Amino acid sequence: MELLASLVAEERWLFPAFLVMYAAIYCVGQLLVFRRWAPRQRLDGASCLISLFHGTPAALAAAGAILALPAGSRSFAAPNERLQEHVLDYSVAYFTMDLLHYLAFLPGDVLFIAHHLATLFVFLTCRYIVRHGAYALLVLLVLAEVTSLLQNVWTLAGIWRDQSPAAARVYGALSPPFYVLYTLVRGVAGPFFLLKMAVFYLSGQAVDVIPWWVRISWIVVVGTAIAVSNLWIWNLWKELFRERKQATAKAKKDT
């Protein structure tokens, strides 16, 4: 709570400091933490490292910024508060750093680049153009990042599972709970909140503060992101069931 209070009182533009912080964390990941990994694994590890420093802190800060508001101010069209804009800048800095990572080292990962560009578009229009609607985006940020810690540990274990039996065990143990949590958040809570957001924005209630093109673009971007996320987790579920089926068949054959 003291940290949130200090952010509320902070009047400086914090994006440059956040970006420098993520750049430093990324360099530590590349040069120290994952220096013994293969080149592609080292790149993925450094990306996961900055995601670890973004996901859970961003979710907690976004939740705190929402709860700090009076109930009457939690509106899809409410003006942004200073704390909300600091939280948005924290996420903008992360997505900027990770986007630079993909553009510099993995330009062929078009899906991730498109995701980061779309996310930055939504955050930047809210933060710097319309200066309204941060409440909606912070709720979405909480939903997007509540799985971040589990996902990044699962991802790191997956990267290293071929070289480490321990990592393979961690990956196998984390897969079911991660898939369940991700499915509940992206398959249930996310679409439900998007529906509420779409109904509000399409009703024209925010017409005086958020232009139509911004509201429609937010709905399209968020809806597309949720759809792609659900397709991704569906494919992971199919792979998990296929592996379990194969393992069961092999066990029966061995006996």
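Glycine residues also receive a Cβ, built from the backbone N, Cα and C atoms like all the rest.
In the predicted model, the domain 'TLC' (40-245) has a mean pLDDT of 95. Sequence annotations record features per position, and here TrEMBL assigns domain 'TLC' to 40-245.
If you look up TrEMBL, you'll see 13-34 (among others) marked as transmembrane segment.
If you look up TrEMBL, you'll see 46-69 (among others) marked as transmembrane segment.
Annotation source TrEMBL lists transmembrane segment at 99-123 (among others). Note on the transmembrane segment (99-123): residues 26, 43, 46-47, 50, 88, 91-92, 137, 217-218, 221-222, 224-225, 228 of its chain, located 6 or more positions outside it, place their CB under 8 angstroms from a CB of the stretch.
Long-range Cβ contacts of the transmembrane segment (135-159) within its own chain (Cβ-Cβ under 8 Å, at least 6 residues beyond either end) map to 37, 41, 44-45, 48, 51-52, 54-56, 58-59, 62-63, 65-66, 69, 73-76, 78, 84, 87-88, 91, 122-123, 126, 167-168, 170-171, 174-175, 177-178, 181-182, 185-186, 189-190, 193-194, 197, 218, 222. The feature transmembrane segment is assigned by TrEMBL to 135-159 (among others).
According to TrEMBL, the feature transmembrane segment maps to 179-200 (among others).
Counting residues 6+ beyond its ends, the transmembrane segment (212-234) has Cβ neighbours under 8 Å at 111, 115, 118-119, 121-122, 125-126, 129-130, 133, 136-137, 140, 179, 182-183, 186-187, 190-191, 194, 197-198, 201-202, 206 in the same chain. Taken from TrEMBL, the feature transmembrane segment applies to 212-234 (among others).
Same-chain neighbours of the transmembrane segment (13-34): 41-43, 45-50, 53-54, 86, 89-90, 92-94, 96-97, 101, counting only residues six or more beyond its ends whose CB sits under 8 Å from a CB of the stretch. A Cβ distance under 8 Å defines the sequence-distant neighbours of the transmembrane segment (46-69), meaning residues of its chain 6+ beyond its ends; these are 1, 4, 7-8, 21-22, 25-26, 28-30, 33-34, 78, 81, 83-84, 86-87, 90-91, 94, 97-98, 101-102, 134-135, 138-139, 141-142, 145-146, 148-149, 151-152, 155-156, 159.
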